[in-house]
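Per TrEMBL, the features are:
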DOMAIN    5-359  domain 'Peptidase A1'
ACT_SITE  Asp23  active site
ACT_SITE  Asp246  active site
Amino acid sequence: GEGEYMMELSIGTPPQLIPAMIDTGSDLVWLKCDNCDHCDLDHHGETIFFSDASSSYKKLPCNSTHCSGMSSAGIGPRCEETCKYKYEYGDGSRTSGDVGSDRISFRSHGAGEDHRSFFDGFLFGCGRKLKGDWNFTQGLIGLGQKSHSLIQQLGDKLGYKFSYCLVSYDSPPSAKSFLFLGSSAALRGHDVVSTPILHGDHLDQTLYYVDLQSITVGGVPVVVYDKESGHNTSVGPFLANKTVIDSGTTYTLLTPPVYEAMRKSIEEQVILPTLGNSAGLDLCFNSSGDTSYGFPSVTFYFANQVQLVLPFENIFQVTSRDVVCLSMDSSGGDLSIIGNMQQQNFHILYDLVASQISF
């Protein structure tokens, strides 16, 4: 929905299945709850979380160590008889409500629906008030690196690792992506490659920073023209310690100098008429209905000599019969984000113990 990937969280006693967006770019897990203001309950009322209907749901007391610990996680707890949360995202959207705990469960790997792994006392936000467009999801599953994310809360039991394989946007609705937790998240095979997760005091501890060192288009390195020196320079310095991988962002967003260089390189290699903005994307071509035209592949080069070769469907989006657009844009700032469009059809493992991401 809306360029995002969803999972069903089984929560409560008896279990309630709530569809929520997966997001490696944030930590908090929250769901739309009963008595929620601006939650579009008339349309989605059947899938919100009814806390009163769960015998295992508990509100978190103000004097709980978990409540006070949320300050360091940026969740901004406050007390009004019980612990409350408030969380804001980069686009200005917000959620607030009660901090609660309940039982969650997942289907065990290789087992039927009746074989499940249960986890009691899982902390999450019971959303009572929202700001922003949350109509396409009933909540958000934070998979970031801070203490209140799903992977950190369950880390002792799941080995602090998860992986996912995101199906293509062009796949039929029946095609399902998979999120693996714990031992089932392992990657196997001779073609597995790994790159470090970067850490540092100056980096946001939630986000998964990677060392993206260079980019090629059709095998030709993307370079930035330096006006001061009058020479071309590598994109590496513009990406170093400034690139994150994020399942909750749709298109890859590159810092402006790199995006402009990328855009120029694509234009030089695609011999088709360019068009104006389409579907919110900046660089589009008139393909005259021929999507088999030889668009170049793009390769991302990460630390540890990791090469991620992105095929047509990971780089270009067919927005209509005669229009093909580059599914990237400028971030407008210093941070570059590798979005989920570019992650399609790769099995990606996040291992927080080894501090690396594998493809």
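Just so it is clear, glycine is given a Cβ too, placed from its N, Cα and C backbone atoms.
TrEMBL labels come from automatic prediction, so no person has curated them.
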Whole-number Å value for how far Asp23 (active site) lies from Asp246 (active site) (Cα to Cα): 7
Cβ neighbour count (within 10 Å, all chains shown) around Asp246 (active site): 21
Within 10 angstroms of the C-beta of Asp23 (active site), the count of other C-beta atoms across all shown chains comes to 25
